[in-house]
Amino acid sequence: MTFASFLINFYSVIPRLNFKFHWTNDVFNLEWSSEYFQALALVACLGAAVSLLLLVTIIIVWICQACHKNETTGKTRRRVRRLSTVLFIISVLCFFMLGVCLFANEHVNRGMSISINSIINTKKSYQISTAQISQFQEAALNTTVHLKNLEDTVHVESKKTKNATIVQQIDQILTNITDEIDIIAKNGKLFQAKHGDDIGKLEKIRKVLSLYESERWAFLVILLSITMVVLFTGVVAFCKQSKKGAVVFSAIGFFIFVVVWLLISISLPLTIALADFCRDGDQVTRKNLGNLYETVQFYNTCVPVTTHDNLPLPVARHVALLNNIPANKSQLDRLMEVAFNSSAAIVNSSSAVGDDITKMLKLAGAVSSSSSCYVFHDDVVNFYYGTCNQSVAGMSIYMLSILLLGVFLFILLIVVSKTWNLFSRLPNEYTEVDEDDPFFPRGVNDSTIPVDIYGTHVYNPRTRDRTEPSTNTTSGTADEPNAPLWSQNVTVPLVSNSMSRQPFMSDHPYNNYEDRYNM
């Protein structure tokens, strides 16, 4: 038992239940109203129900995590580092499962490519075979015309001979040859009418398989690539311990999780259907192939040999009618030579018939060669090998890997919610300043920086180093003498009815400035 056959038997154990939850015996009937299609729909609904349950679990955990009070006491570096390590390990496992999914996808694509190429080769060989059979049938029709001329000539020449017994034998042999040639011509027409659309059926199967496989392969590659990019973004956020990156990954990862589980819900019934086709697909194969089904079954089970006698039954019967004609033609020539003494008319008509029979013998050999078992056997076997061996194994590996990927994504989304309060918001990235920045000019000495760079020179230490006189805003009375106020020469005017303004501290060294207070 091969690995593929083991998988096919394993999938057969899965119950096929209709919408009434009754076991159905309908196998691989893809009609919309069939019970088998209902069974596949229930399997898809089962996968969707599991995914919905996991989604509800994630949402509940996220709500609880969002409502949880942020306690900074437990926010230690060790815990953050440990959580980042766990997320990194889960992400690596997800990457590994994605790689296995891509490998399985390529494995299925290779198997389907083998099947499609076998259909193409079978179609080409079948076209050659049918062309040889058509030429064989046309040669039989031409031979029938020449046999009719020979019969007319024999009837005319028989009136000149007196040997009635030989003439009667000639008529009998000629009738036998004519009947056999007529049967060959009629069988050729019947064969063409019966198998005339076989090429179209093969081409239709090739187009359907090519379209399905190309779309399936491209769809999975795009989705898995997007999932890989999202996971890579999450890994970067985990390594940088970025709160914003973790939140963004949670949002995008939620949709990726939904997509992965939708793929699981769709892929599982398709895998079961493929296994059922390989195990019990004769009914649908017979329906789609029609008259070609028996021929395909023959080439699938025949043993290829170097001889040309291993042919399908319709072709073998068609060619076997020619076996007795050469011997009958030789006997006919001997009798006509004796009866008609090598008459020119008889010789010419007999030569034309002989040429036609020789041509038919050559075409019969061509039909046997182009329709023999060794011509089609490998292509038919490769079709079953690519579909029921490589594709089944690839789909099984893909199902296992994407199921594990869905589980790991579920765990990842649960764990990543714990980082919302543990990871800190990273500062903005460093921005390079240009040459016009007044706070950090490039290539300029600090002495050229304006004093009022801060908007005011208050509390600016550079003000003290300037040569301008101080305004006493930063150093108080640094430039004034340290004499007490009562020791200074101050005059007080007498009290009068009219107050006159007198310069205050007129003898002060700073009286040449505009800051004066008059009383």
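Just so you know, the numbers here start at 1 and follow the chain as drawn.
Just so it is clear, glycine is given a Cβ too, placed from its N, Cα and C backbone atoms.
Only residues 6 or more beyond the boundaries of the topological domain 'Extracellular' (1-42), in the same chain, are considered here, and those with a CB under 8 A from a CB of the stretch are 269, 271-273, 275-281, 283-284, 388-390, 392-393, 396. Annotated topological domain 'Extracellular' per Swiss-Prot: 1-42 (among others), in sequence order, evidence recorded as sequence analysis.
Feature annotation from Swiss-Prot assigns transmembrane segment to 43-63 (among others); the stated evidence is sequence analysis.
The topological domain 'Cytoplasmic' annotation in Swiss-Prot covers 64-82 (among others).
For 83-103 (among others), the entry in Swiss-Prot reads transmembrane segment, with the evidence type sequence analysis.
Sequence annotations record features per position, and here Swiss-Prot assigns topological domain 'Extracellular' to 104-217 (among others). Computed over the topological domain 'Extracellular' (104-217), the whole-number mean pLDDT of the model equals 88.
As annotated by Swiss-Prot, N-linked glycosylation site applies to ASN142 (among others), with the evidence given as experimental evidence. ASN142 (N-linked glycosylation site) falls within a helix when secondary structure is assigned with DSSP.
Residues annotated as N-linked glycosylation site in Swiss-Prot, with experimental evidence given as evidence: ASN163 (among others). According to DSSP, ASN163 (N-linked glycosylation site) is assigned to coil rather than to any helix or strand. Close to ASN163 (N-linked glycosylation site) in the fold, though at least 6 residues off in sequence, lie VAL338, ALA339, each with a CB less than 8 Å from its CB.
The N-linked glycosylation site annotation in Swiss-Prot covers ASN176 (among others). Other C-beta atoms found within 10 angstroms of the C-beta of ASN176 (N-linked glycosylation site) number 14, with every protein chain shown included.
What Swiss-Prot records for 218-238 (among others) is transmembrane segment.
Per Swiss-Prot, topological domain 'Cytoplasmic' is recorded for 239-245 (among others).
Residues or ranges marked as transmembrane segment by Swiss-Prot on the basis of sequence analysis: 246-266 (among others).
What Swiss-Prot lists as topological domain 'Extracellular' is 267-395 (among others), and the listing cites sequence analysis. As a summary of secondary structure, the topological domain 'Extracellular' (267-395) carries 106 helix, 0 strand, 23 coil according to DSSP.
Positions annotated as N-linked glycosylation site by Swiss-Prot, on the basis of sequence analysis: ASN328 (among others). Other Cβ atoms within 10 Å of the Cβ of ASN328 (N-linked glycosylation site), summed over all protein chains shown, number 16.
Taken from Swiss-Prot, the feature N-linked glycosylation site covers ASN341 (among others). There are 11 other CB atoms within 10 A of the CB of ASN341 (N-linked glycosylation site), with all protein chains counted.
Marked as N-linked glycosylation site by Swiss-Prot: ASN348 (among others). Sequence-distant neighbours of ASN348 (N-linked glycosylation site) (same chain, 6+ apart, CB under 8 A from its CB) do not exist here.
The N-linked glycosylation site annotation in Swiss-Prot covers ASN389 (among others).
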Completion exercise
Whole-number Å distance separating the Cα atoms of ASN328 (N-linked glycosylation site) and ASN389 (N-linked glycosylation site) is 52
Handout entry: Per-state residue totals over the topological domain 'Extracellular' (1-42) - DSSP helix, strand, coil
Key = 18 helix, 2 strand, 22 coil
Fill in the blank from the handout: Sequence-distant contacts of the transmembrane segment (43-63), meaning Cβ under 8 Å and at least 6 residues beyond its ends, amount to 14, 250, 254, 257-258, 261-262, 264-266, 268-269, 272, 406, 410, 413-414, 417
Problem - Cα-nearest neighbour of ASN389 (N-linked glycosylation site) within the listed glycosylation sites, ASN142, ASN176, ASN341 - result: ASN142
Handout entry: Surrounding residues of the transmembrane segment (83-103) on its own chain - C-beta under 8 Å, 6+ positions past either end
Key = 220-221, 224, 227-228, 231, 234-235, 238-239, 241, 397-398, 401-402, 404-405, 408-409, 411-412, 415-416, 418-419, 422
Handout entry: Alpha-carbon distance [ASN142 (N-linked glycosylation site); ASN176 (N-linked glycosylation site)] in Å
Key = 17
Problem - glycosylation sites compared (ASN142, ASN389) - highest count of Cβ atoms within 10 Å - result: ASN389
